[in-house]
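**Student:** TrEMBL lists B:12-36, B:42-61, B:82-108, B:120-148, B:160-179, B:191-213, B:225-247, B:275-300, B:329-347, B:353-372, B:384-406, B:412-431 with the feature transmembrane segment. Look at TrEMBL and you will find B:461-599, B:611-737 tagged as domain 'UspA'.
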Amino acid sequence: MPESLFRHALVPVASPEDAESTMRALRPYVESAEGDVTVINVIEKAGGAPDKASVEQREDYAHKMFSVARDEMADTDCTPTTEIRYGTDVAETIIETAHEINASAIVFTPRGGNRWIRLLTGDVGLSLVSESDLPVITLPEPNDD
Amino acid sequence: MTDQELARDLGFLEAYTIGLGTMIGAGIFVLPSIAAEQAGPASMISFFAGGLVSLLAAISLSELATGMPKAGGSYYYVNRALGPFFGSIVGWGMWAGLTFASAFYMIGFGQYLLPGLGKYIGFLAGWGEIGITVAALVMAALLTGVNYYGVKETGALQNVIVLTLVGLIVAFLGLGAASGPTIGTFLPPEGWPAVAATIGTVYVTFIGFEVIATSAEEIKNPSRNLPLAMIAAVVTPTLMYVGVMFVSTGTLSIEALADSPIPVADVATEIMGPIGALAMIVGAVLATVSSANASILSAARVNFAMGRDKILINWLNEVHDRFRTPYRAISATGIITLVLIAIGVGIGTLAEVASFMYLVTYALVHIAVIVLRRADPDAYDPAFRIPSVLYPIVPILGFVACIAILLQMSFIVQAIGGIIVIFGILWYFVYARDRALSQSLVGEAIAPEPTTVADGQGRYRVVVPVANPETERDLLRMAAASAHAHDSETAEVVAVNIIEVPQQTSLEQDLTFEETRVERQQELLDSARDIADDLDVGLRTHAIVGRNAGSAILDVIEEESADHVLLGWKGKRSRREHVLGSTIDPVIGRAPCDATLVKLGPEGGRATGEIMVLAGEGPHAPVAARRAREFAEAADEEARLTLFNVQEPGEDDDGLSPRERGEALIEEFVERTGLEETQYESRIEVAEDIEGAILDAATGYDTICVGATRTGAVSQAVFGSLPETIGEQTDQTVVMSRGPEESAMSIRQAIVRRLES
């Protein structure tokens with residue numbers, strides 16, 4: 001039998017809200033697979049142009065996401081590993097990280113939004129699905145509160 | 001460390017083009033008409049002098065930026081070195097300067113777009129002043145939107161714009177020089193003072209290089225690349241500006257230049273024909289937009305840095321959860337820019353006010369370098385230092401030059417600039433003074449040499465704010481442990497309780513209504529006395545009614561010449577304005593003595609039992625060990641110390657295995673703390689995820705002692721993210737400590753010391 005897809009999930013998060021809903025959706029799967037979780041936030045760099053926000057400010061923001069993610073998993077056996085990554089292409093950086101840490105799958109919850117919003121923010125979800133050579137799992141957002 | 005390395009993606013060329021992108025901006029396309037009107041061909045000297053002044057600022061800024069690579073640039077350095085009073089002035093000054101500059105660029109954009117392109121595209125012509133204002137407003141709104149939504153601008157696009165502009169200006173200079181410009185009389189029409197005043201007008205073109213300093217955290221090999229990029233980004237445009245003024249004043253009459261909204265394009269018509277003029281117009285449109293864009297982004301960074309230092313409400317710095325931009329700061333900057341465009345201040349005045357604010361900023365930056373060199377806080381270790389032949393000449397000369405230009409500027413500009421400075425001062429007194437985390441290092445710089453904090457009578461005092469009857473006993477016990485370790489005959493504990501009264505009510509009035517609060521205070525302090533009797537330690541109490549608990553505690557610390565302050569913490573980070581809490585932040589951030597923050601875990605393991613000390617390289621780790629030893633000694637047989645260290649797997653450059661590295665580190669650590677063999681055990685773990693390994697191991701102990709990972713002299717984090725995370729994530733008792741080195745004395749104290757010595 002192939003190994004569980006949740007042996008070591010790489011979870012890219014983009015905001016504290018995203019971290020919360022993704023971890024909540026992911027939690028039951030990780031618990032039943034007794035897997036590991038690595039949460040990353042990719043700080044997008046402009047690669048030569050001024051960035052849209054200071055790196056330091058976005059690092060603070062990433063720490064907020066990590067704190068939310070750990071809170072979500074606080075009463076389980078799994079303590080998520082957290083890491084900030086930097087790259088000009090968010091999807092590519094996520095996939096590279098997944099290989100580096102030998103992840104079994106990349107897991108995220110889709111963030112919705114209309115076509116216009118996706119155009120502005122860059123559709124990282126789509127790029128992940130189309131570019132990744134590792135399994136990519138999208139979990140539906142949990143609707144219980 | 002690795003995070004830092006990964007975040008650095010700008011080499012010399014990228015840093016240089018970022019600087020050029022903002023420097024070769026609107027200024028050179030718009031200013032020739034204003035400059036020529038004021039000083040004629042001699043305005044070349046004004047541009048050259050402006051370049052020299054910027055060069056001096058670039059050298060000082062290079063040292064500061066490599067010493068403290070933090071977002072916020074000049075504001076940050078001034079706030080750190082000179083304290084929040086000047087921090088408020090410079091923070092608001094830079095922000096105002098950037099919005100005035102954005103408005104200036106945008107009106108320049110309007111001038112080139114409508115009267116300029118109007119010659120080629122019919123419907124753009126003939127809209128007059130109103131048209132220019134509307135075009136400027138639309139573009140400013142568009143840029144604000146682009147930055148609000150965080151539409152990605154790539155390095156490649158930036159390079160194309162900069163290369164196009166450089167190419168256009170070089171072509172302009174080459175063809176212009178070939179056409180044989182003739183300068184009639186070099187003497188300025190209105191005398192030499194006008195040339196000096198013009199420096200103030202054109203200085204706005206030179207504010208762009210600051211962007212390089214703001215990006216210091218992203219530059220590879222900063223000790224070399226940062227100063228080089230700064231100096232190159234000042235010298236290149238200076239030479240270009242002088243050249244453009246030479247060609248412009250040599251080709252057109254002063255009158256023709258002064259009347260033209262699009263001076264560079266009009267000159268280009270003479271020397272290159274209509275195609276050349278069109279190219280210059282396109283260049284000007286690109287340049288104005290890219291400069292305004294960079295200004296808006298920089299303004300948001302200044303807001304962020306001010307919020308981080310608690311000089312500004314952090315509400316403004318919220319990151320948009322979708323666009324990941326500081327959307328409120330961007331919006332605020334955009335709105336003020338729109339207002340400035342709409343009220344029609346006049347393009348010259350906009351430029352001059354922006355220059356004014358930046359000259360004030362750079363004058364203080366020069367002072368900041370001298371103060372930091374003199375005070376020499378531990379964490380200030382710039383990769384680039386001003387070479388000894390140039391120090392202190394560069395900062396002194398730079399300061400004098402900035403002030404001299406400020407004094408030359410027109411009254412109206414000095415008045416507007418003065419109002420902004422006064423606003424910064426008022427802001428400090430009304431908002432920032434009680435909240436700001438940083439302190440001035442000026443005192444340290446004046447004092448003869450670093451002095452240790454010591455009570456005149458040599459009595460060791462521990463201040464303990466108490467507020468909760470349930471935690472009071474444990475906090476006092478830990479304070480007593482610290483006191484007992486220092487000559488228990490005279491050492492004493494000072495318990496403090498503060499009743500906070502809101503601003504609106506008078507202190508007396510509130511008290512009569514709040515008798516229960518006063519009674520509670522008395523009960524708390526009474527039981528503190530009982531506890532102290534049990535613990536056999538001297539105790540005095542302070543019952544205080546005040547506006548702000550944080551400053552009241554700091555006052556007690558100063559009054560008592562305390563050696564140590566120990567506070568309790570609930571174990572939750574605040575999400576909004578404060579890091580750990582509204583009282584904790586200022587006390588831990590500013591107390592001039594040892595400071596300890598305790599999160600109490602389950603009973604029976606509070607500073608007794610298995611005590612783990614994180615033995616790391618951090619500057620305050622030995623302080624944590626000292627606290628742990630005090631606890632162990634006070635608890636007698638019941639406590640055991642373990643020094644804990646985590647290493648990443650893999651051999652290092654010297655071929656040491658992780659275990660060997662850890663052993664060497666602990667050995668050195670023990671030497672630094674003066675522990676004895678029999679007092680501790682050591683434990684080394686190897687793991688990729690250091691934080692995770694610490695959190696896992698922590699569950700096996702009762703009390704975890706950890707030193708601050710950041711030094712206060714340069715950073716505003718209260719303890720650093722690792723100690724705070726441990727405090728938040730583990731259920732055990734967590735003791736975070738830092739030593740006194742970040743203390744800064746007041747100017748008055750420093751002068752007194754100097755006079756005494």
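FYI, residue positions are counted from 1 along the chain as it appears here.
Each Cβ is built from the backbone N, Cα and C atoms, and glycine gets one as well.
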**Student:** Looking at the stretches B:82-108, B:225-247, B:353-372, which one shares the most CB pairs under 8 Å with the transmembrane segment (B:160-179)?
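**Tutor:** Answer, by Cβ pair count: B:225-247.
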**Student:** Does the transmembrane segment (B:12-36) reach the transmembrane segment (B:412-431), going by 3 or more CB pairs under 8 Å (6 or more apart in sequence)?
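**Tutor:** Per Cβ check, the transmembrane segment (B:12-36) does not touch the transmembrane segment (B:412-431).
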**Student:** Mark yes when the transmembrane segment (B:42-61) and the transmembrane segment (B:191-213) have three or more Cβ pairs under 8 Å (sequence separation 6 or more) and no when they do not.
**Tutor:** yes
**Student:** Would the transmembrane segment (B:412-431) and the transmembrane segment (B:353-372) count as touching if the test is at least 3 Cβ pairs under 8 Å, pairs 6 or more apart?
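**Tutor:** Contact between the transmembrane segment (B:353-372) and the transmembrane segment (B:412-431): present, because at least 3 Cβ pairs are under 8 Å.
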**Student:** Near the transmembrane segment (B:82-108), which same-chain residues lie under 8 Å Cβ to Cβ, leaving out any that are not at least 6 residues past its ends?
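**Tutor:** Apart from its flanks, the transmembrane segment (B:82-108) reaches 25-26, 29-30, 73-75, 132-133, 136-137, 139-140, 204, 207, 284, 288-289, 291-292, 295-296, 298-299, 302-303, 305-306, 309, 311-312, 333, 336-337, 340-341, 345, 347, 350-351, 353-358, 360-361, 364, 367-368, 371, 420-421, 423-425, 427-428, 432-433, 436, 438-442.
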**Student:** Between the transmembrane segment (B:42-61) and the transmembrane segment (B:353-372), are there three or more CB pairs that fall under 8 A, provided the residues in each pair are separated by 6 or more in sequence?
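**Tutor:** These two segments touch.
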**Student:** Quick one: do the transmembrane segment (B:384-406) and the transmembrane segment (B:120-148) have at least 3 Cβ pairs under 8 Å, skipping pairs fewer than 6 apart in sequence?
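**Tutor:** The transmembrane segment (B:120-148) and the transmembrane segment (B:384-406): touching, no.
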**Student:** Helix, strand, coil: count each for the residues of the domain 'UspA' (B:611-737), based on DSSP.
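**Tutor:** Summed over the domain 'UspA' (B:611-737), the classes give 54 helix, 30 strand, 43 coil.
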**Student:** Using DSSP, how many residues in the domain 'UspA' (B:461-599) fall into helix, strand and coil?
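**Tutor:** Tallied per class, the domain 'UspA' (B:461-599) gives 62 helix, 34 strand, 43 coil.
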